[in-house]
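This report refers to the structure that appears directly beneath it.
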Amino acid sequence: MLRSTPLLLAGFLALLLALPSMLTNEYYVSVLILACINAIVAVSMNLLLGYAGQISMGHAAFYGLGAYGTAIATATWGLPMEAGLGVALLAALVVALAIGIPCLKLSGHYLAMATLGFGLVVNIVFNEALETTGGPSGFVGIPRLKLLGFQFDDDLAYYRLLAVCLTGMLLLTHHIVDSRLGRALRALHTSEKAAACAGVDVARHKLFVFVLSALMAAFAGFLYAHYLTFVAPSSFSFLYSVEVITMVVLGGLATLGGAVAGAFFLTILPEMLRSFENIEVLLYGGILVLCMMFMPGGLMSAFTGAGRRLGRLLARKQPQSGGSHGR
Amino acid sequence: MLSSLLQYLLTGLTVGATYGLTGLGFTIIYNTTSIINFAQGEFVMLGGMLAVALMTGLDWPLIPAILGAMAGTTLAGVLMHQLTIRPVRRAEALQYIIITIGVSILIRGIAMLVFGKDTFALPQFTGNTPLSFLGASVMPQNLWVLGVTAVLLLLMKLFFDRTIHGKAMLACSVDPKAASLVGVSVRKMAVTSFALSAFVGAVGGVILAPITLTSYDRGIMLGLKGFAACIVGGLGNPFGAAAGGIALGILESVGAGYISSGYKDAFAFLALLVLLFVKPSGLFGKAAIKRV
């Protein structure tokens, strides 16, 4: 299953690239772009929460640091985009190290609270540092993305870039998860003590995955800022952190496709519900509660579970293959 | 100079008491079920909003409206447990965290649809002539907040320490299986804890609404501060939650007064982060002993 993942990813990329030609309305391309950006953040959260089992309720902060980092570097200081990306990643790296080292000693509710508090503090800074961030009304005038001499003015071109970036992130995650490191992370999730006994350096692995996840989120923030050309603190609030957790949990923790499925579902769903604007939030909460209550494994495991059950049902109808998978 | 400091302290004390009260709600549920209920702030919001709705919408006088709001919120707590917590079996802490966050989104959404997005005020309980105290002025409502918080806190302490029901609830969080073996109905205790904490939340919402006004989205920040109060004081300790809440409230109001009001919320959470890094079990929490 795992060995075929690169092939699946190639298929996924082809599907993503083919999607716009099936759409009738150009507006949907921008929805897809946001879905891809959210998916990158969700993939980063999945690495941390799904595989390593560390909760972060302040992930929006890193996403925001990436967005504001590049906004300040490119718009205020007039640096090129490549430098903007560097500033975005560096900001996330420094903050993730500073906050990760003490935070990751905590566990459970204390870790949740610490990351939550950190996220809130960063969001308050975005709101209050008026001269640098523009405050609650936002940061305007971020240039459109221009990387290595290529200008991404057209939505379709931007979308293609994002499809490639998202696939790249998935490939990276796949390689990490399917390695010694990934197994160490999963061991840590199951039991820190057992992992430590088996020779896993718990503190270093936790920090590594935290920083990596922060960098991925900051990268998504970079892409977000140069797409919208405008960022405001409300996009990086506690609610966004919760939304990202929801995407991952809804899609299925610790599955490669789960985070993507969750992100696409939860980005596209509100667009489809535009006509019932006020009920949107109820559906959101309702989906969250029901999913966690009845399918804690998420969409992906529900699908594969249903598939397996269907397979068993079909197998039972053919007498020669019946019983071979029997329980 | 001194009088302004006193003013900040008094304001902080009042605000902190409401954080403590919210934290108390977290503690009650945590002490019985080991669940952190992120919808706790919504109970506070519901208390305030229901009281306003009963007064303005149905023309009820203040006292019946307050009692009605408390009853309504308690019912919401029971419903929350029966509909979303009880049917779940063998869930991890993360799963419960997400369920309660989902419930908080739902409650907030329903409140927005029913009450609208406006901000409402509840009349002060006993007039609004400020009392003067060593050069600082105090609204009578602030005294209400402090008094009610102190009384509730004392009652909770007595309940958990002295009554068989309180001890049974504590037993459920220590070890549900052992508790049920000695004849405690874990499920009944869990419902009771949700009802009780919703009630405490509603009380907080009602006494706070005349001072800070109330709206459908008031619960998020209050809930987060209440959770922070619990963590500061050490999870599971009602007095710790109250002390943590008051510490956060005073820090906030002094910080807002002397440094910057925009960063008010940041002070509380920064202090919380520093505290967690220095003393991960909170101020009054016993260090968790790791079994190997």
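Just so you know, glycine gets a Cβ as well, placed from its N, Cα and C.
TrEMBL lists A:30-49, A:61-79, A:85-104, A:111-130, A:157-177, A:207-227, A:247-269, A:281-303 with the feature transmembrane segment.
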Fill in: the transmembrane segment (A:157-177) and the transmembrane segment (A:247-269) contact flag, 3+ Cβ pairs under 8 angstroms
yes
Fill in: Within-chain partners of the transmembrane segment (A:207-227) [C-beta distance under 8 Å, separation at least 6 from its ends]
33, 37-38, 40-41, 43-45, 47-48, 51-52, 54, 56, 59, 62-71, 74, 81, 84-85, 88-89, 91-93, 95-97, 100-101, 103-104, 142-145, 152, 158, 162, 165, 169, 176, 181, 185, 235-236
Worksheet item: What same-chain residues lie close to the transmembrane segment (A:281-303): Cβ under 8 Å, and 6 or more beyond its ends?
Response: 246, 249-253, 255, 257-258, 261-262, 265-266, 269-270, 273
